[in-house]
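Just below is one structure, and these are the notes that go with it.
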């Protein structure tokens, strides 16, 4: 009989940053006896999860996709935001083959160009500068009918901040003498990632048929009406703007979000021939271009295909003959699998995956503990099974509840995670396993935007904790997320592949 394995577990507490400011800080306000004890009694430090350290522009807040890609890669991975922004600046963007092909086809046939995406300066799922660049490109290549279908953010930026973006787009349309807003809807509907197809359908029907709950003559008027209905940007209901601009056969549709997880569902509604999420009233034959590859099995043109990452942690562990488990709730399952593996959808040899359904509630402040207890039940069972050399687990609570802006709920979310961390370390102590506890980016430690006085629902660029529950060790300061994979490999007594440029942060005594 084979010897039971003593796993090294990586616990990622999503959206759990560190701030010296105590006010409006859900992490500090929460009662976290387990994490307090672990930070006191074991080796701990702070590491960076934002800006240049994760391949984003200087000062740009981190996010879950970027964080998990960097953790899994063991090197700084330059992000699509940085890559596309640079190409717009250099002019290369305007020569992009797939974008040009879709635009030219529409222009030749006298068809419309539809552009959809998250209108936001947030830089997490999209950047409005990219969308503006796309509108300029369409105009330069001779498109006469340019329609922008705006998804509103209010999550990675203040909850009511879309008006300044609207004004910038209106100024662009005026300067070009062409183009306009055709529709507006909150990201809550258009960018679902949890198979809530009733939400997605509202965005789909709005864009394809001009069918919305509300109509307005301008985007500013649409937003003012939404605010009068007490809808923040994220939750703005389907609104048609101006005359209906339904999508027709032969039109071009370009999706300007660069982050995959919240772009997949709406994309599948447009491009999958065997789509079953909801009954589509209209299925126009469009020249659909996704800005980046949202999933390997989505068969449509892609402006910026992925650049392959060789020897990510998952791939390297498989090559070393090690077993691994990836486990999280629905909300962060893609992050511990697809993103952690550098955009690789399939499992490596010896890699198991376990998903726990996130609760079906409208917003997670209504159930801040989410499914953390069930997730921990499965994680503890996996630790005690003796089957795995390493386990990667994500607790979504700090991030998902932090995004709601509800302080008391975020405090409860942090307390729920702390309770679970206590259970995990207790199970590891029983089997002689070890644990690294960290986060991918900040969020819950800042719940009020002091400048606007609004709830702070976005991520932060603050550092995140790193605690090593294991042997006695000294820590190298100044670490970042890309140092975690080399740290894990070193603790497991394994070589670090040359592609990983991160450094091991724990030096065993």
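Cβ atoms are placed via backbone N, Cα and C, with glycine included.
What Swiss-Prot annotates here:
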{"type": "ACT_SITE", "residues": "64", "note": "active site, phosphoserine intermediate"}
{"type": "BINDING", "residues": "14, 64, 440, 441", "note": "Mn(2+) 2 binding site"}
{"type": "BINDING", "residues": "125, 155, 156, 187, 193, 259, 260, 261, 262, 332", "note": "substrate binding site"}
{"type": "BINDING", "residues": "399, 403, 459", "note": "Mn(2+) 1 binding site"}
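When the Cα atoms are compared, residue 260 (substrate binding site) and the residue listed as 'active site, phosphoserine intermediate' turn out to be 11 Å apart. Those same-chain residues not listed among 399, 403, 459 yet with C-beta within 8 angstroms of the centroid of the Mn(2+) 1 site C-beta atoms are 14, 15, 63, 64, 155, 156, 398, 400, 402, 441, 443, 444, 457, 458. Each residue contributes its Cα atom, and for residue 441 (Mn(2+) 2 binding site) and residue 156 (substrate binding site) those atoms are 13 Å apart. Under a cutoff of 8 A between CB atoms, and with a sequence separation of 6+ in the same chain, the neighbours of residue 459 (Mn(2+) 1 binding site) are 15, 50, 61, 62, 63, 124, 156, 399, 441, 442, 443. Each of the binding-site residues 14, 156, 399 was scored by other CB atoms within 10 A of its CB, and the lowest score goes to 156. Cβ crowding, taken as the number of other Cβ atoms within 10 Å, peaks at 441 among the binding-site residues 262, 403, 441.
All chains included, 32 other C-beta atoms sit within 10 angstroms of the C-beta of residue 440 (Mn(2+) 2 binding site).
Cβ neighbour count for residue 125 (substrate binding site): 25 (other Cβ atoms within 10 Å of its Cβ, all protein chains included). In the structure as shown, the Cβ atom of residue 193 (substrate binding site) sits within 10 Å of 17 other Cβ atoms. Using Cα positions, the member of the recorded positions 14, 64, 403, 440 nearest to residue 125 (substrate binding site) is identified as 64.
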